[in-house]
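Okay, so here's the structure we're looking at.
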Amino acid sequence: MQKKFEQVLMPVATKLANNVVLRSLRDGFLIITPLIIVTSIFLLIGNFPIPGWADFWSGVLGPKWSEWFSAVSDSVFSFTGLLACFGISYAYGKNRGLQAVHASAVAIVSFLIMTPTTVKVGKTTLGAVQTIYLGPNGIFLGLFTALVSVELYRFAIKRNWTIKMPDGVPPAVSESFDALLPSAFVILFFFLIRIIFSLTEFNTAYNFIYTMLQAPLKNVGNSLPSVLLYNFLASLLWCFGINGPTITNSVWSPIFFVLTQDNLKAFQSGAKLPHIYTQQFIDIFTTYGGGGSTLSLLIVMLFVCKSKRIKELGKLAIVPGIFGINEPIIFGLPVVLNPIIAIPFIIVPVLNTLISGFVFSMHWIPYTNGVMLPWTTPPLISGWLSTGSWTGSVLQLFELILGVLLYYPFVKMLDKQYLNEESAAAELDDVDIDFSDI
Amino acid sequence: MKVIILLDQIQSGLGGKEKADTALGGKKLAMGAADTIDKTLKKQDSSVMATFFCGTEYYEQNKEEVTGKITRMCQKMQPDILLVGPTYDYADFARMACEIGYAVETNSDIPVVAMVAKEKNSDTVAQFKDKLNIIKMPKKGGTGLADSIDHGIELCNKKVKKEDTDDFVKQYCF
């Protein structure tokens, strides 16, 4: 059974893991993730989920205090499309063996070429860029621009369309001239694309990509089956030793990124939160303590198991586990290639997804606000901060306990096996090998 | 076939990176990752007779002592083979495994097989690939783990039975 699964899964997983475009998308989003986390903290301070918070600080710091914080959060959340273009083009350029800085610079310029740069206010036309084009709605345009521009840039570089400088010219100068013709090629291409779109009913590339791709994909991604499949595959792959989320994220991350940014923008402006299935929903309401919801597993190990090995590992891994680090369990228990633990390791996140999806769709808990918390934020705290409501923590606690119940029979089975081994070894002679006097 | 497996603190289930100061020890049990290998071994009338474990930092600070003790303990316990790893792409563990594996194979009559991923370990692999049989394995979270474990066990079998390993080594080792 395990072998069969592997024969089917391995080639797909290997292909996905090694695909340079998918890898670059994932890496590209990772480049901008630290910025999102940092600015999220500013956003959270400006909108802390305690009644009277804003009024209290207005009294202390004056009415403009929230603007100070939103200036910081705006600097990232209103430009996620542009930043995605930057991150992805950098990662893709690097993975394609180009000078990533040059590739990325050309991609950003290409993105701006396709962005409308005038705004009509009444009868006057102002030279300005609306952030709607550069923010969450522009993420897919940023993504495609990054991939296409880097690919074109590489095409030119590979054909040696460069101006060769004589020896002795400083590298910075010769590199700059190396980039000249390839940059011209890319810019010319996007110049033509802009003209072509202006002749169609879409008017801009932004409108085309948003209507034809981003909005439909968002609808497909923002659904319970999509998140169920995501969590099922992520856990299943871990059971074979493959880092599941790395594979699943390469497919889903652009969609979840857009959904999360939509909620974040809405939260920032005080509008109604649009989506249930955001990255936060997945990170905060489907698994606790890392992939497979191993915090529930750890609780069983710590409080119910009798074998020395499992108890000791439970003690060592509980603190990292609370903060979402489950490496000691994945490899030490182990979860990897362990058919007994594989069953709850897959079922628990899937069941959590179903329950959380139901609870959110019934509006028993406010939708997640899109604020990206550091991934080490422990459950209960994360449930409250991400929804602004204590009911978020209650759902987490419920699912954590449910996970304990589901893991219990399987971990006990493993515990029994380990206990037998330990007592068999103890019967022979001492289990411990004494290295002290050898 | 009786196998002793050498692991670091993470793979033996004794904690994470923060427990790198775990002193050299061992149990007559298949601990952590060794348990996965033991399950496959048991299907072919073989088993893990003991797991040796050592924190990577502890090893760094007591290299000679650890290497000597493991070599002497192997001679005393007389396993058919010593398996060092699987180390994945943990660089400190891979270096410890190869250094100890090489020392045991050189200074005793116990054959050794190592399992290391190429990622983060290019220096270690370059240094030991001609001195030690190192089975190629995936990095942490990479694809092909079960296959590489099968290859590791098969090479152990071949070495214990003193069969010709040239072709096998060419195909599955660095």
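Cβ from N, Cα, C; glycine included.
As written in TrEMBL, here are the features:
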DOMAIN    A:5-410  domain 'PTS EIIC type-3'
TRANSMEM  A:29-48  transmembrane segment
TRANSMEM  A:68-93  transmembrane segment
TRANSMEM  A:100-119  transmembrane segment
TRANSMEM  A:139-156  transmembrane segment
TRANSMEM  A:177-197  transmembrane segment
TRANSMEM  A:232-260  transmembrane segment
TRANSMEM  A:281-304  transmembrane segment
TRANSMEM  A:316-337  transmembrane segment
TRANSMEM  A:344-367  transmembrane segment
TRANSMEM  A:387-408  transmembrane segment
- Item | Interface check, the transmembrane segment (A:316-337) with the transmembrane segment (A:100-119), three or more C-beta pairs under 8 A | no
- Cβ contacts the transmembrane segment (A:232-260)/the transmembrane segment (A:177-197), at least three under 8 Å, sequence gap 6 or more: no
- Cβ-Cβ under 8 Å with the transmembrane segment (A:387-408): same-chain residues at least 6 beyond its ends: 47, 49, 284-285, 288, 293, 295-297, 299-300, 304, 344, 347-348, 351-352, 355-356, 359, 364-369, 379-381
- Item | Same-chain residues near the transmembrane segment (A:281-304), Cβ under 8 Å, at least 6 residues beyond its ends | 227, 230-231, 234-235, 238, 244-245, 256, 310-311, 313-315, 317-318, 321-322, 324-326, 329-330, 333, 335, 341, 344-346, 348-349, 352-353, 356, 360, 368, 373, 375, 379, 382-383, 386, 392, 395-396, 399-404, 406-408, 411-412, 415
- Query: If you count Cβ pairs under 8 Å, which stretch among A:29-48, A:68-93, A:177-197 touches the transmembrane segment (A:139-156) the most?
  - Reply: A:68-93
- Message: If we skip the immediate neighbours and take only residues 6+ beyond the ends of the transmembrane segment (A:68-93), which ones have a Cβ under 8 Å from one of its Cβ atoms?
- Response: 20-21, 23-25, 27-32, 35-36, 39-40, 42-43, 45-46, 99-104, 106-108, 111, 131, 133-139, 141-143, 145-147, 149-150, 153, 257, 261, 264-265, 268
- Averaged over the domain 'PTS EIIC type-3' (A:5-410), the pLDDT of the predicted model comes to 90
